[in-house]
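Chemist: One structure, as structure tokens, below. Some questions next.
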Ligand code: COA
């Protein structure tokens with residue numbers, strides 16, 4: 001019998017990382033490689049494995065402690081012979097025989113920088129990182145090669161990025177039980193999915209209180225009712241429409257099915273608020289008409305939307321949180337500010353709504369934006385948009401200006417945090433302090449994520465936007 005200190009091995013660039021989970025307690029028998037604790041930096045979480053087999057005499061760390069390479073995690077009682085590695089000389093005890101080579105594989109969950117694609121929200125991903133071999137002595141861990149997490153993330157043999165935030169041991173249990181982690185709500189720190197969450201989810205599914213998406217998809221009747229049940233809502237009403245008159249059933253288009261699922265998630269998950277305002281675009285419209293006359297032969301038609309794109313970029317630069325995304329990989333407690341301004345615009349197509357993106361709109365003029373917009377809208381209507389045409393937006397404009405309406409409440413295109421809805425401008429009598437004068441007023445509806453943006457900031461954003469549209473020269477200031 002010998003006492004061995006288990007220490008944090010070489011974990012690459014991770015220093016002073018917080019202990020977020022204790023996976024064993026004193027008295028537990030542990031095997032070589034068995035995870036003892038989970039640590040987490042702002043970028044990744046990692047389980048620290050035991051270098052020896054034995055019984056935990058004492059845990060040397062507590063939740064919240066900061067550890068680095070070499071920090072003692074636990075004191076183990078080992079059978080010198082049974083140990084897979086050589087225990088250290090602790091308290092003057094002689095060091096036993098040389099270690100058997102062991103491959104230890106700590107699991108690292110890497111938080112990638114939030115992808116800019118609206119269709120690919122970021123989350124933690126688990127990748128296996130080869131661990132250092134067990135230390136030659138517990139007191140002085142042998143130098144061991146470590147693999148940077150980023151490099152490991154590119155290993156095609158490892159699980160893909162985009163997995164939910166859970167420790168590798170929880171993932172393992174979920175895999176064994178067939179629990180879809182993406183559907184489990186995490187109650188741990190920063191939304192981390194705990195073992196209890198997986199167990200509670202399993203119990204709820206077994207009790208028929210919750211359906212997994214796979215079950216709902218297979219269910220012949222009313223998948224919407226299943227989704228509502230998952231949200232704790234009463235079932236969707238079932239009506240035999242044919243009882244009241246002739247009916248025809250048409251399958252939703254592929255785009256509608258995809259966008260519907262996205263809209264549902266965004267509407268359900270984002271605490272969204274909408275501010276309405278009006279911009280006096282009398283002079284801007286006159287300028288737009290003049291530009292179109294001047295460029296009649298170029299084939300480029302300048303639309304109000306192009307000016308809106310440019311004005312929005314200026315407003316996003318003045319109010320950068322509108323051009324940010326919540327860092328969901330860290331449980332949504334940080335913002336990722338994007339230093340590029342890519343503006344998506346909703347385009348109505350025969351098959352449904354799509355959102356092509358004007359990239360680097362800050363670096364483009366009105367004519368170029370108008371040209372690109374016309375090209376993208378044409379591609380959208382022909383169903384020829386490539387995924388790259390629709391990814392990378394930092395803010396979206398949905399314009400119904402060519403159709404009509406007064407105001408509406410657009411749904412935010414996650415992971416963006418705001419969207420501008422625009423309706424048809426119309427002539428209105430506006431009081432200028434002395435008299436009513438006819439002015440062309442453009443209705444603006446700004447929907448924003450209240451987790452990120454306050455009402456006052458939204459009102460300022462709208463007011464600034466209206467100011468720019470009323471006098472476009474201000475964009476130069
Ligand atoms: N006020 C008054 N007139 C407007 C206007 C506004 N805010 N915006 C556009 N118009 C006019 C245009 O000047 C054009 O007039 P013209 O034919 O006399 O030149 C006409 O309306 C049609 O404009 P449109 O072809 O729609 O161009 P656009 O640049 O404004 O919009 C798209 C391009 C692709 C965004 C648009 O065609 C579209 O698909 N809009 C629907 C978006 C949508 O469905 N949003 C809802 C999502 S929930």
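Backbone N, Cα and C atoms are what each Cβ position is placed from, and that goes for glycine too.
Residues or ranges marked as domain 'Lipoyl-binding' in TrEMBL: 3-77. Residues annotated as domain 'Peripheral subunit-binding (PSBD)' in TrEMBL: 165-202.
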Chemist: Looking only at the domain 'Lipoyl-binding' (3-77), what is the model's average confidence as pLDDT?
Modeler: 86
Chemist: In the domain 'Peripheral subunit-binding (PSBD)' (165-202), how many residues does DSSP put in helix, strand and coil?
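Modeler: Looking at the domain 'Peripheral subunit-binding (PSBD)' (165-202) with DSSP, the answer is 24 helix, 2 strand, 12 coil.
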Chemist: Mind tallying the domain 'Lipoyl-binding' (3-77) by DSSP state, helix then strand then coil?
Modeler: 0 helix, 39 strand, 36 coil
